[in-house]
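Engineer: Before I ask anything, let me first share the structure, which is written out below as structure tokens.
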């Protein structure tokens, strides 16, 4: 218990002569330095609030306004048109100031009011400019004068370097579309999926809904839009994620992978040291708002950064009816799992972030710890992998007090969760394809008890130095986590680096107290076993296939004057038709972060045009599914009314659910000089029991990595077969667009290996 003694600042004993006080100056110094860090963070937060509160102006602009007003007053001119005189007349009599002092005070008050008014005006102008979205529809190379003027004005108002959250109050609110427009778009999207009779029936239901219940629900939705920052996001978070009672493992959580070809070090503790350090460096940037706001690639258009707020120190806690996201302001430790034991690892000491070498040293202590798990401890994490209601009941009954509560608090309040996995993963061995599939399944669900799926982020570091990430979905969408993971991988490999023998750099303070083993009193093995059985059945049913498509990439697609994403989506439509002989409702994730607190929208990429193209190809405009319908459905539930139309619309299964993982920070990776540092991206489980989940990441100019998932229990789906269909569809589309491509491929067979 050395760490306990070091944490005590003073001790005293009572003797017959009085109280004998013993001060620990080392402990007092630790407390002082830790408190100093806390105050620095508070001051930094106050400073950032002021800076982003006056954006797009600057705090120093207040002084400029004051000096300008004083100068004009000195020149016997009143720029306030008498307002300064009025202010001086109404100053309290208790202010015994000279006439000159009263004038200066009046000028300061007027200047401040004028400055605040200018800030509000600038912010309003920026909000109006960011509400303009016609730039999306401009033809490549043919930008209109209106859009050029608009872009120039946005640049002028955004000329100051913004903090991470500087644009938040200037982002427009998500507008509520008209009922008529939404229904027309919906009917257009389902037309290729229904026969004539089915489409006529759906058209009739939509018309009845519009005339009766739809307009009533719309009024409530517009009222909410006037009051709320975003009329969708809070309901989306609650009803799509937090109210779900089924396991979040596989069904909701998603994963991110390491580099495809390289592993910076084969030493597990060292990789963990650098990875943990990089994540805390990113957290520091988020806390200080030093990250540049994300923008639409190639533009000055900012994206909402609200999702970054709950990235760290966040846990989804189970409830019987709905889960709750809990976020803590700060945490100086991580929770670590290794061979059935849980540890708390402090990464700050006296306000200082430990060096990567010190964190490696602490991780190695955990790896070398021979102590066995306490009874029931090893599979405790299965509670987070099973159904939510049993976990809520168990948590309330067994974790509300005592040693269990203290240990659970350590996990839930940790910055993030770390698993030191005793397996080896990655593209390796004689059968790298099979090993990649196993790697994906490991990150998606592991052993069902060696991850803490409730944590916002769970980092996995394998025995051979490979790493990965599992993310809980309710707090944020994949692009937010992808941005974090890009930074982590780049910082680990290129900035922190390793010594020649594969260890982390930095010095070690050997007096560091060892990681704290968490204690448990767990008389609930039956509950754990039940949750594990549910989770294991779900994990065993998942069929994953990960493959890099190397035949061509976005460079070749762009030469055909086609969007790479549109090309891949069309290939997926062709692959699915060949696989199942029919078309299906297709989900492609798209973001609404152009709007404040925006999250995800749905693109129905199976359209009349795509279906006609596939049929024509086999024989010899993307439509948005507006979340408007989802919100109307929520309103109908609050009002206690039923809509056959909404019930049918929202019960349709997404048999093909797709998502592109965007590469947002290519400047971090030098793929020209280091082409081996290619990220594999990440993936997710299938949305429908009889469907596919497909994630893809477009890497550089010559590669696209695909992640395909489905379920073994459906005899009509097979991830490997569908992966082959995707590859063939990609090749066939390119051959159609560029007949010379087939000949070039034959001349270079190594490209396909």
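Cβ coordinates are placed from backbone N, Cα and C, and glycine is handled just like the others.
TrEMBL annotations: computationally assigned, not manually curated.
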Engineer: If I go by TrEMBL, the feature transmembrane segment sits on one of 12-34, 81-103, 104-126. Which?
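Structural biologist: When 12-34, 81-103, 104-126 are checked in TrEMBL, transmembrane segment belongs to 104-126.
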Engineer: Please report the number of other Cβ atoms within 10 Å of the Cβ of residue 473 (active site, proton acceptor).
Structural biologist: 19
Engineer: List, by number or range, the same-chain residues at least 6 past the transmembrane segment (104-126) whose CB is under 8 A from its CB atoms?
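Structural biologist: Same-chain contacts beyond the ends: 54-57, 61-62, 65-66, 69-70, 73, 80, 83-85, 87-88, 91, 95, 97, 153-154, 157-158, 167, 169-170.
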Engineer: So what's the average pLDDT for the domain 'Carnitine O-palmitoyltransferase N-terminal' (1-47)?
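Structural biologist: Within the domain 'Carnitine O-palmitoyltransferase N-terminal' (1-47), the model's average pLDDT equals 61.
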Engineer: With DSSP, how much of the domain 'Choline/carnitine acyltransferase' (628-727) is helix, how much strand and how much coil, in residues?
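Structural biologist: Residue counts for the domain 'Choline/carnitine acyltransferase' (628-727) by secondary structure: 30 helix, 26 strand, 44 coil.
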